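Features reported for this protein in TrEMBL:
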type: DOMAIN; residues: 2-375; note: domain 'Amino acid transporter transmembrane'
type: TRANSMEM; residues: 20-43; note: transmembrane segment
type: TRANSMEM; residues: 76-95; note: transmembrane segment
type: TRANSMEM; residues: 115-132; note: transmembrane segment
type: TRANSMEM; residues: 144-166; note: transmembrane segment
type: TRANSMEM; residues: 178-198; note: transmembrane segment
type: TRANSMEM; residues: 210-233; note: transmembrane segment
type: TRANSMEM; residues: 253-281; note: transmembrane segment
type: TRANSMEM; residues: 293-313; note: transmembrane segment
type: TRANSMEM; residues: 359-379; note: transmembrane segment
Amino acid sequence: LQGIFVLGLPYALLHSGYSGLFLIVLAAALCCYTGKILIACLYEENEDGQLIRVRDTYEDVANACCKKLSPKLGGIAVNVTQGMELIMTCVLYLVVSGNLLSHSFPYVSVTEKTWSVIAFVTLLPCVFIKTLKIVSKLSQLCSLVHFIIIFVVMTYCLTQIHQWSWAKFRLSLEFEDFLVSIGVIIFSYTSQIFLPTLEGNMKNPGEFRCMLNWTHFFACVLKTTFALTAFLTWGEETKEVITDNLPTFLQTLVNLCLLTKALLSYPLPFFAATEIVYACISRGNCSNYNSPLFARCVRCSFLLLTLLMAMFIPHFALLMGLTGSVTGAAMTFLLPSLFHLKLKWTKLSFLQKCADMSVFILGFLCSLAGIVCSIKGLLKVFG
């Protein structure tokens, strides 16, 4: 919930004004809600009225919804969507790592792509990751680095408090810029892909809803505070990545912290993607697909795929925006609300049905707007 997207929130406020503050709170509430209803789809009541976990993954939920049409159609669609988003996320971390290294060491005559290869070498141990416990330890370190970055930026902003002015907020909005802001804010909260695995690995799954409430609440408070203080400090000069506004002596420090964060963030989507691929391939009873060597080959292949994509895909940022608009909105808003309505229709109240339908419509509109903006950007690039 506290990814690199957070660094773009002040820029989002630049283009959304006061409405951006409302959107940060609304996005937290919606993403928390869709996380809960997605997990609710994993459970069914038994004869005694007790909730039993009968499904384990996002794929299982999709298959349950589409079983009358085709037993495996829903799972295939979800796996493809998840795979696309996770692959793009991993590639983005490699691209970002190369960019940060080139900015941190401008006096070294090495291209960004070469720096990305150097960053890739540090990620080779990911081949040996077998359990979520290892990923969680790396994620803890990632969170620590993230808070250091936030602390440095906010401390500098507080030293400039004498320059703050609420007059910097826009009252009039440009529609396309506003849509970009919506995308940045919403996708800074997305975590639905990981929730079924996370809930299944909790020592006490009964605490999941409480955990989700508190994490989204604190994420919302931190995002709002960070975005507001940074925007009030730089106003119209706010850049797309707020660390670019920092003085030179702080920029290098923060860029190296961001590099560490990007490299520590890579294992989570990498682990999730390879687990999906491995599960799909080894679904049969063939023992050749269940060997540790085969699992390692899958991980090696995935690592190389992300490197090749980082090296050779042109205009990756625009393609990432297009993919995110399709897969991000689908996994975060469209599918959870649709699956919840399908599986729990007879047990939902009228208000719950209206809430699910509203989330679905909102997700569809956000996805459509994001696709249009991304395609327009690609058309401009290609003339």
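Heads up, the Cβ atoms here are built off N, Cα and C, so glycines get one too.
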Please check if the transmembrane segment (210-233) comes into contact with the transmembrane segment (115-132), where contact means 3 or more CB pairs closer than 8 Å and the residues in each pair are separated by 6 or more positions.
-> no
Residues sitting near the transmembrane segment (20-43): Cβ under 8 Å, six or more positions beyond its termini, same chain?
-> 9, 12-13, 51-56, 58, 60-61, 64, 181-182, 185-186, 188-192, 195-196, 199, 208-209, 212-213, 216-217, 219-220, 223-224, 227-228, 332-333, 336-337, 339-340, 343-344, 355-356, 359, 362
Among the recorded stretches 115-132, 253-281, 293-313, 359-379, which has the greatest number of Cβ pairs closer than 8 Å to the transmembrane segment (76-95)?
-> 253-281
Under 8 Å, at least three CB pairs between the transmembrane segment (359-379) and the transmembrane segment (115-132) (pairs 6 or more apart)?
-> no
For the transmembrane segment (144-166): best-contacting stretch of 178-198, 253-281, 293-313, by Cβ pairs under 8 Å | 253-281
Per the Cβ under 8 Å criterion, with at least 6 residues separating them from its ends, the transmembrane segment (293-313) contacts 87, 90-91, 94-95, 98, 113, 116-117, 120, 123-124, 126-130, 270, 273-274, 277-278, 281-282, 319
Is the transmembrane segment (115-132) packed against any residues at least 6 beyond its ends, judged by a Cβ distance under 8 Å, and which are they?
-> 94-95, 97-99, 101-102, 197, 201, 259, 262-263, 266-267, 270-271, 295-296, 299-300, 303, 306-307, 310-311
